[in-house]
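Single-structure report; data block below.
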Amino acid sequence: MSEIKKTEKLGVKSSKHLAAGALGGFISSTTLQPLDLLKTRCQQSQRDSLPKMVRRIILHEGGVFSLWKGTLPSILRSTTGSSCYFYFLNWLRHFAPQSKNIASSHIQNLWMGGFARAAVGFAFMPVTVIKVRYESNLYSYTTIYSSIRDIWKKEGISGFFRGFGVTALRDAPHAGLYVYFYELSKQNLHKLFDRFSPSSSVQGTVPHRNIVNVMSGLISGATATAITNPFDMLKTRVQLEPHIYKNFLHSAKLVYANEGFRGFLDGFFLRVLRKSISSTITWSVYEWALHRKVIK
């Protein structure tokens, strides 16, 4: 089904999937946090140009390092979330009936990726809500603790799961489509490399395999992110201003009425850029860590 499945046959322990996923999530979250913060600001109905937004954040919110605001909850979400996601995905692949039909195998990748992400997304929803509000300038949170206390005081436990429905509508399709296109791209790129480099097997050559992983990550990341961007924008609105955006349908109607179709594209470029690179880093580091056996 995939290289991940092959490593399982070679005896890769589940703990290695946890550690490799955490490593990939940590690297992607720390390096790309500025893009995540800017994407959140774009989606909270701000009409400033990107250069103007960056300049205002740097000049009025604490300098260049203010672009990394919200890094801690991002790290907590990405490291533990990616770790659990890869563990659960590997578990599903290990126990699910294996299909010899290529089309059925791709469909398995689609539903397994979506199901694993939805389950992990629910478990880490509180961290996601805290991260989004901490990145926004709509709230005057100075610490992570102050954001937790304020949400609990004003909204109770439900506040930490605000926007889960629209988040699931974003994450499950995105993850499913990502795994689907990732494995499909790897399969086709391996064939392409083999066709033009018959003397060197891509499957067994580390540099070629890494190139294939990176290219597959970029292709699948950009495709899945572009398709699911409207759900991400609605998720951000619901989590930032729940008193205005009540739920998925209400938010969609409100955005369309006030901003038209263009409103659903808020943060599109930044999200496609960040998610494409982020997913590529996470998956490439994950597979690299497993193959290089850097995780003992």
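Start at 1 and count along the chain as shown; that gives each residue its number.
Glycine is no exception: its Cβ is also placed from the backbone N, Cα and C atoms.
According to Swiss-Prot, the protein has these features:
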REPEAT    12-95  repeat 'Solcar 1'
TRANSMEM  18-43  transmembrane segment
TRANSMEM  70-96  transmembrane segment
REPEAT    104-188  repeat 'Solcar 2'
TRANSMEM  110-135  transmembrane segment
TRANSMEM  163-186  transmembrane segment
REPEAT    208-292  repeat 'Solcar 3'
TRANSMEM  212-238  transmembrane segment
TRANSMEM  267-285  transmembrane segment
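Model confidence over the repeat 'Solcar 2' (104-188) is summarised by a mean pLDDT of 86. Only pairs six or more apart in sequence are counted, and the transmembrane segment (267-285) with the transmembrane segment (110-135) gives fewer than three Cβ pairs under 8 Å, not enough to call it a contact. Long-range neighbours of the transmembrane segment (18-43) within the same chain, counting only residues 6 or more positions beyond its ends whose Cβ lies under 8 Å from a Cβ of the stretch, are 50, 53-54, 57, 67-71, 74-75, 77-87, 132, 135-137, 232-233, 236-237, 266-267, 270-271, 273-274, 277-279, 281-287, 289-290, 295. With a cut-off of 8 Å between Cβ atoms, the residues of this chain six or more beyond the transmembrane segment (110-135) that come close are 36-37, 40-41, 69-70, 73-74, 76-77, 80-81, 84-85, 88-89, 92-93, 96, 141, 144, 147-148, 151, 159-164, 167-168, 171-180, 236, 239-240.
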